[in-house]
Amino acid sequence: IFITTPDVPLKSYEENSSRNVFESTGSNFTIFSSWNYLTFTEEFQLVGEDAWLSNMYQFSSTMGFIVGSVLMGLGDKYGRLKVIRICSVLYLFAFLLVGLSPIYSLIILGRSLMGITLPIMSTSAYTLSIETIPNRYRAWLGFLGSLTYYLFFMLIGVSAYFIRRWRILHLTTGASVYILPFFTLWLDESPRWLIQRQHYEEACKVLKKIYINKDSSNEYLLNHILKNKGNSIDKSSGDNKNCISAVMIQAKQCIHDIFGSRAMCKLSLGLPLLWFLMSIVCYGIPLNANNFTDNTYLYMVIIGAAQIPSVLIGPLVVHRLGNIRSVNLYFILIGVSLLWMVSVSDSFWWLKWILIAISMNMSATMNCLF
């Protein structure tokens, strides 16, 4: 929304980048604060020839996300926890820079930095959780972890309806970022990464915290790690835990490990393709809100709510059909729903809403499965 009044002349984004703009109106002075603007476009007067600069707000974040995706492996080299802590501080700095800076170029810089640090931090955090949580809870981790995303998706739609000023909305909906760097101080490093780096004593300390009950199998694993520091393990012993520990300790990651066999080639090429196709749905549907309906707030709430049942449906379907069949089923249902939605006339608006909800639910379930 762009609002103009007779006594507020339009300015370019350079001229309007100060925190307070003073306009003379006779003997009085009126202060136009950055907090009073409804949108990013309105605050920096990005209209006419400068209209393309408004798109840089999202474009800079997307480009930063691409750069961050290339650097997601930093957690493998420097440790999951160290990368999470550094990125959480950088993300908080960039987040505040976007919400508080009155300068256009600094806001774009902050958006780019947010895009870079987010995939690095989130990937390292997810890897840390998978490598730390016991096996019997890992399946639920993916589903319950996604539940928070769906709930906040709905929260954004509700918050945007009541908070119409973009800076306040930005600083409010991201309130959890403020405590993120402090929360990381209570985390432990991944025991798997510690074993790969041959920090055995630290790995045992972390494992003892995880397995509080200290059953016989876990005690054996801890003693086995300490006993076989740097030594090769006899795979002929028949002990699966020994073999797993041997792979963790002796693994040497290189390009050959990714494409060295037919099975690994399928995984290395197929999984990124699946993620790409799934992302088209997960991101394409929310970004199409303005083209689908005038009530974008309700749109965000509905597609967020449509994803919540995936937390319950996903484990049941996977348990019955398995991973591969479930993925095939979800792709078929998503494709049919989207094609059907395009062919339906506007008079059947309720059917389009149902098809959108089904597509988002299936994509969310597949996201958890992935």
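Backbone N, Cα and C define each Cβ position, glycine as well.
Per TrEMBL, domain 'Major facilitator superfamily (MFS) profile' is recorded for 1-370. Taken from TrEMBL, the feature transmembrane segment applies to 56-74, 86-107, 140-162, 168-187, 267-286, 298-318, 327-344.
Counting Cβ pairs under 8 Å to the transmembrane segment (168-187), the stretch among 56-74, 140-162, 298-318, 327-344 with the most such contacts is 140-162. The transmembrane segment (140-162) makes contact with the transmembrane segment (298-318): 3 or more of their CB pairs lie within 8 A, with pairs spaced 6 or more apart in sequence.
Taking Cβ pairs closer than 8 Å, the transmembrane segment (327-344) reaches residues 274, 277, 281, 317, 321, 351-352, 355-356, 358-359, 362-363, 365-366, 369 in its own chain, all 6 or more past its ends. Here the transmembrane segment (56-74) has Cβ contacts under 8 Å with residues 40, 83, 107-109, 111-120, 123-124 of the same chain, all six or more residues outside its ends.
Averaged across the domain 'Major facilitator superfamily (MFS) profile' (1-370), pLDDT for the predicted model comes to 75.
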